[in-house]
Amino acid sequence: DIVLAQSPASLTVSLGQRATISCRASQSVSTSGYSYMHWYQQKPGQPPKLLIKYASNLESGVPARFSGSGSGTDFTLNIHPVEEEDDAAYYCQHSWEIPLTFGAGTKL
């Protein structure tokens with residue numbers, strides 16, 4: 001199984017500043033220009049919400065202050081500027097193979 005190592009586990013950022021979350025896969029999840037890495041936001045009592053698919057593609061309706069980058073094994077989620085409503089847990093997830101696995105999460 002592919003292991004996703006997320007860092008940091010928790011992150012405190014002042015409103016208006018930048019939050020950066022990293023995700024490292026135990027093997028490459030990229031091929032032919034596609035990276036099979038996705039980012040989710042989860043608030044207490046709610047299901048995960050897809051923010052970014054295929055490393056850098058913003059899901060419809062998600063604010064442009066969320067952005068993703070990376071390829072191969074190393075990926076990053078950036079939030080800038082951070083707003084109060086961004087208080088949540090963030091998870092990376094790959095879809096390279098079955099089983100799909102998630103990172104352990106980052107609490108913002």
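One is the number of the first residue shown, and numbering goes on along the chain from there.
Placement of Cβ uses the backbone N, Cα and C atoms for every residue, glycine included.
According to Swiss-Prot, the features are:
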| type | residues | note |
| --- | --- | --- |
| DISULFID | Cys23-Cys92 | disulfide bond |
| REGION | 1-23 | region 'Framework-1' |
| REGION | 24-38 | region 'Complementarity-determining-1' |
| REGION | 39-53 | region 'Framework-2' |
| REGION | 54-60 | region 'Complementarity-determining-2' |
| REGION | 61-92 | region 'Framework-3' |
| REGION | 93-101 | region 'Complementarity-determining-3' |
| REGION | 102-108 | region 'Framework-4' |
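Beyond its flanks by at least six residues, the region 'Complementarity-determining-1' (24-38) meets 2-7, 50, 52-56, 68, 70-75, 92-96 of its own chain at Cβ-Cβ distances under 8 Å.
The region 'Framework-3' (61-92) shares more Cβ pairs under 8 Å with 1-23 than with any other stretch in the list 1-23, 39-53, 102-108.
If one looks beyond the region 'Complementarity-determining-2' (54-60) by at least 6 residues along the same chain, the residues whose Cβ comes under 8 Å of a Cβ in the stretch are 30, 34-38, 66-71, 75. Mapped onto three states, the DSSP output places Cys92 (disulfide bond) in strand.
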